[in-house]
Amino acid sequence: MSFLIDSSIMITSQILFFGFGWLFFMRQLFKDYEVRQYVVQVIFSVTFAFSCTMFELIIFEILGVLNSSSRYFHWKMNLCVILLILVFMVPFYIGYFIVSNIRLLHKQRLLFSCLLWLTFMYFFWKLGDPFPILSPKHGILSIEQLISRVGVIGVTLMALLSGFGAVNCPYTYLSYFLRNVTDTDIVALERRLLQTMDMIISKKKRMAVTRRTMFQKGEVHNKPSGFWGMIKSVTTSATGSENLTLIQQEVDALEELSRQLFLETADLYATKERIEYSKTFKGKYFNFLGYFFSIYCVWKIFMATINIVFDRVGKTDPVTRGIEITVNYLGIQFDVKFWSQHISFILVGIIIVTSIRGLLITLTKFFYAISSSKSSNVIVLLLAQIMGLLD
């Protein structure tokens with residue numbers, strides 16, 4: 001009976017995590033993303049749900065929630081599902097959407113998608129050669145073989161993203177690093193953007209007038225057909241079509257410039273909002289937390305370097321040491337060992353959450369910068385893959 005209750009709790013939490021991932025995808029992370037393939041959104045939400053569920057099981061293990069056999073069963077099941085998604089499903093669909101964007105391979109996209117997935121599996125498997133992963137106790141396709149390779153990639157990504165978070169976090173939370181943005185800067189950039197848009201409109205009007213003139217002269221209808229007709233059209237192109245080509249190239253360049261100006265304008269508005277937010281009580285509170293966690297991270301890096309250089313084992317962390325000093329100074333009865341573990345876990349959790357949040361914000365900006373109707377699905381699946389590997 002307890003197993004059924006524990007299973008119902010886990011299933012309910014998975015459904016809630018899936019719904020939260022779905023809403024987070026649509027309304028926060030990719031609110032301007034037009035979902036053309038619902039399978040991409042489902043894979044992202046499922047990966048998000050199982051990643052959160054495994055983190056939830058770790059918390060349950062620490063707090064002693066649910067029966068131990070139930071936790072083990074759901075941990076094993078979630079592990080199998082997340083490995084199936086990360087090793088088989090997401091890489092295959094990434095290859096499928098990459099091949100689908102290539103016109104020459106569109107008719108045989110399933111075959112080339114399988115070839116790309118087999119290439120991924122080859123390098124994924126060769127990744128374990130430098131590490132002592134192979135063991136005669138486990139089979140070739142066992143969970144241990146897969147999770148060991150996923151663990152190597154995940155730990156490497158975690159190290160890279162931790163370094164990114166350690167550098168990016170002070171720039172995100174400390175008002176000291178905010179650049180000064182005035183209304184004059186925003187107005188000047190908006191004026192450049194409006195001038196660029198006016199130039200695009202005027203050039204498109206010229207293109208429309210040129211096409212109308214060509215249509216009236218009958219140049220549009222007299223298009224040669226066949227191979228020799230194509231050669232003739234290339235060698236003896238009309239002056240109007242040449243003008244259209246040049247104007248179109250200018251329009252494409254101006255549209256790219258307008259896109260960059262728009263992104264710069266949005267960035268200036270965001271920076272101005274951050275400056276105004278940093279002057280509020282909540283902004284000052286987060287600014288203080290930014291200084292506190294920056295000092296904490298620097299101290300941890302310094303002590304870790306000392307321990308590595310002098311080959312010693314750290315016995316106490318800053319949280320435990322700080323609690324011991326406070327308790328001895330105040331002279332109160334306090335279980336230092338018990339509460340220091342929980343406070344350290346909470347602090348590490350806050351650092352991880354803020355680092356992941358900063359990463360998602362940066363990746364969202366990157367998504368807006370490079371996404372298009374062809375690359376959006378691939379980028380979303382790559383984010384789902386990274387999210388699952390970090391779990």
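Positions of Cβ are set from backbone N, Cα and C atoms, glycine also.
Just so you know, TrEMBL annotations are computer predictions that nobody has curated.
Note that this is a predicted model, so its numbers are computed, not measured.
Summarising the annotation, TrEMBL assigns transmembrane segment to 6-26 (among others). Remote same-chain partners of the transmembrane segment (6-26), defined as residues 6 or more beyond its termini with a Cβ less than 8 Å from a stretch Cβ, comprise 35, 41, 44-50, 52-53, 56, 66-67, 70-71, 74, 380.
Tertiary neighbourhood of the transmembrane segment (38-63): same-chain residues 10, 13-15, 17-22, 24-26, 71, 74-75, 78-79, 81-82, 85-86, 89-90, 93, 97, 345, 377, 380-381, 383-385, 387-388, 390-391, selected by CB-CB distance under 8 Å and a gap of 6+ residues from either end. Summarising the annotation, TrEMBL assigns transmembrane segment to 38-63 (among others).
Counting same-chain residues at least six beyond the ends of the transmembrane segment (75-98), those with a Cβ under 8 angstroms from any Cβ of the stretch are 37, 39-40, 43, 46-47, 50-51, 53-54, 57, 109-110, 112-117, 120-121, 124, 143, 146-147, 150, 377-378, 381-382, 384-385, 388-389, 391. Annotation source TrEMBL lists transmembrane segment at 75-98 (among others).
For 110-127 (among others), the entry in TrEMBL reads transmembrane segment.
Helix, strand and coil residue tallies for the domain 'Golgi pH regulator conserved' (142-207), in that order: 59 helix, 0 strand, 7 coil [DSSP]. What TrEMBL lists as domain 'Golgi pH regulator conserved' is 142-207.
Feature annotation from TrEMBL assigns transmembrane segment to 147-169 (among others).
Taken from TrEMBL, the feature domain 'Abscisic acid G-protein coupled receptor-like' covers 277-389. The average pLDDT the prediction assigns to the domain 'Abscisic acid G-protein coupled receptor-like' (277-389) is 74.
Feature annotation from TrEMBL assigns transmembrane segment to 288-310 (among others).
The transmembrane segment annotation in TrEMBL covers 338-360 (among others).
TrEMBL lists 367-390 (among others) with the feature transmembrane segment.
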